[in-house]
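Residues annotated as transmembrane segment in Swiss-Prot, with similarity to another entry given as evidence: 34-54, 78-99, 114-134, 179-199, 227-247, 289-309, 321-341, 348-368. Sequence annotations record features per position, and here Swiss-Prot assigns heme b b562 binding site to His84, His183. Per Swiss-Prot, heme b b566 binding site is recorded for His98, His197, and the stated evidence type is similarity to another entry. The ubiquinone binding site feature in Swiss-Prot is assigned to His202; the stated evidence is similarity to another entry.
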Amino acid sequence: MAINIRKTHPLLKIINHTLIDLPAPSNISLWWNFGSLLGLCLIIQILTGLFLAMHYTADISMAFSSVVHICRDVNYGWLIRNIHANGASLFFICIYLHIARGLYYGSYLYKETWNIGVILLFLLMATAFVGYVLPWGQMSFWGATVITNLLSAFPYVGNTLVQWIWGGFSVDNATLTRFFAFHFLLPFLILALTIIHLLFLHETGSNNPLGINSDMDKISFHPYMSYKDILGFFAMIFFLAVLTLFIPNLLGDAENFIPANPLVTPPHIKPEWYLLFAYAIFRSIPNKLGGVLALLFSILILMLVPLLQTSKQRSTIFRPMTQILFWFLVANSIILTWIGGQPVEQPFIMVGQIASISYFSMFLIIIPFASWCENKILSLN
């Protein structure tokens, strides 16, 4: 009998166990496509970023001009830049949908995979933030100033920490240079953690919509799931192409078309749309340190989700109370995103505070209590 090289070769064997002969549950839906879409996003971002870095100059006197040069003079530079900028938005859309699927179907009970995923989200947010500073427009400069200033809220070490990150007494050339270094380095760290994320996932196997053990009903990843993923790739590339070619500045900020000016403050300083929900939570707390802790906890709370599981069922597919609350949480997050983009005035302050309280209450009290109630109702029958 002929030896199959993909099953015996040391290198091909790893690829085979990851992408070809991997046993996958037969009933996983399109919601399981977002993991592979995130991988595609990461590849697109690294490749476009590499080409942009070849033409970009990390100097405050030339950064803005170098971005203009990329868009005007470099062959297809405008396309590469637009793909990179909108690819970041698509990356966040995919990761938020990926997290939502994990919450809905109980995938968070794979604790190692879930916690590495939360760390990946943190790294992605950090990468996006430092990347947003690089064009050195008005919102880049003032966004960097405001967000890095948050560290001054920490007692004793705060001011020293801020000056250490700035590399001086204000956001200046040293800040831009180090942010460029971080923006170049972090995607490779994300890539390494993604491999560890997959490693832990393949220890347990994928979850499925029913949230039950599917060992008796598995199919090979290729061709069934691989073709399903390729369909997702085409859909996402089409969406990215429409965004990039027809409405490239839809998700950006008009202020960033103005070169950075430390003497003129924009009327409303805000980060990109994908960080607005956390920014809204930060702004809803009157105390600076409290706001910073709330900002961090808005993401870190995801790590508590496996510990707060009170339901006897894994997936919410047979739990109508939790399903309704899940969609309340989704709506709440959308409201927070909207509030983060609004000026600090009534009624937005009040709405933001109510949405922030309900965001944390959902995770810590309401959903665990609803799950406990569902257990009681089930035990009555």
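Even glycines carry a Cβ here, placed using N, Cα and C.
The Cβ of His98 (heme b b566 binding site) lies under 8 Å from the Cβ of Phe34, Gly35, Leu38, Gly117, each of which sits 6+ residues away along the same chain. For the transmembrane segment (348-368), the partner stretch with the highest count of Cβ pairs under 8 angstroms, out of 34-54, 78-99, 227-247, 289-309, 321-341, is 321-341. Residues of the same chain lying 6 or more positions beyond the ends of the transmembrane segment (78-99) and with a Cβ under 8 Å from any Cβ of it are 31, 34-35, 37-38, 41-42, 44-45, 48-49, 51-52, 67, 70-72, 117, 120-121, 124, 128, 131, 236, 239-240, 243-245, 248, 251-252, 272-274, 302. Residue pair His202 (ubiquinone binding site) / His183 (heme b b562 binding site) shows a Cα separation of 29 Å. Residue environment of His202 (ubiquinone binding site) contains 14 other Cβ atoms, counted within 10 Å of its Cβ in all protein chains. Around the Cβ of His197 (heme b b566 binding site), the number of neighbouring Cβ atoms within 10 Å comes to 21. Sequence-distant contacts of the transmembrane segment (114-134), counting only residues of its own chain at least 6 positions beyond either end whose CB sits under 8 Å from a CB of the stretch, comprise 56, 58, 63, 67, 88, 91-92, 95, 98-99, 102, 107-108, 140-141, 143-144, 147, 175-176, 179-180, 182-183, 186-187, 189-190, 193-194, 196-197, 200, 271-272, 274-275, 278, 299-300, 302-303, 305-306. Taking the Cβ of His84 (heme b b562 binding site) as reference, residues of its chain lying under 8 Å away and at least six apart in sequence are, in sequence order, Gln45, Thr48, Gly49, Leu52.
Rounded to a whole value, the Cα-Cα separation of His197 (heme b b566 binding site) and His183 (heme b b562 binding site) is 21 Å.
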